[in-house]
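Note sheet for the following structure.
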Amino acid sequence: MKLLSYIKQWKSAARETIARASIAAQFLSLIHITDAYICSTTLVQGPSMLPTLNYSGDVVLIEHLSHRLGKLEPGDIVVVRSPVDPKKIVAKRIVGMEGDRVTYLTEPSYSESSRTVLVPKGHVWIQGDNVYASADSRYFGAVPYGLIQGRAFLRVWPIRDFGFLG
């Protein structure tokens with residue numbers, strides 16, 4: 001009799017444990033899907049996006065849908081895996097889309113010479129807002145659409161600068 005009682009208790013405890021583990025797994029899956037495919041945060045720092053983003057760093061919200069749906073446009077700030085160093089993620093502004101002609105200063109610090117390029121199919125032309133301190137498409141060329149991680153749309157930190165990015 002006692003053995004039957006213990007088995008029923010263990011069965012009940014096992015069911016409750018499995019139910020709670022299932023809820024935890026669903027919650028963690030939801031967090032992963034949201035972070036990878038819908039929206040995430042990232043720290044953006046450095047001089048290349050001055051004055052739009054702070055040198056010391058801003059935490060921005062990145063949405064991951066626009067680039068998958070082909071809804072990016074010139075003027076959007078995007079987070080891109082660096083074509084030069086794939087371990088790095090950089091934030092830049094889209095200046096040209098595939099098929100656009102982009103004219104840029106080759107060495108803005110030293111001369112006024114410019115160059116015009118045609119952005120190839122499946123690529124975007126990105127540049128930092130601070131042309132004097134930005135390694136961007138002027139140096140490594142147009143960036144394949146596949147390297148875009150998402151579009152930055154909201155600065156969440158520092159709180160005094162909270163707001164949408166244009």
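Cβ coordinates are placed from backbone N, Cα and C, and glycine is handled just like the others.
For reference, TrEMBL has these:
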- 26-104: domain 'Peptidase S26' (DOMAIN)
- SER48: active site (ACT_SITE)
- LYS92: active site (ACT_SITE)
- 114-157: domain 'Peptidase S26' (DOMAIN)
- List of residues, in chain order, with Cβ under 8 A from that of LYS92 (active site) and at least 6 apart: SER48, MET49, ILE77, VAL78, VAL80, ILE126, GLN127, GLY128, SER134, ASP136, SER137
- Taking the Cβ of SER48 (active site) as the centre, how many other Cβ atoms fall within a 10 Å radius? 23
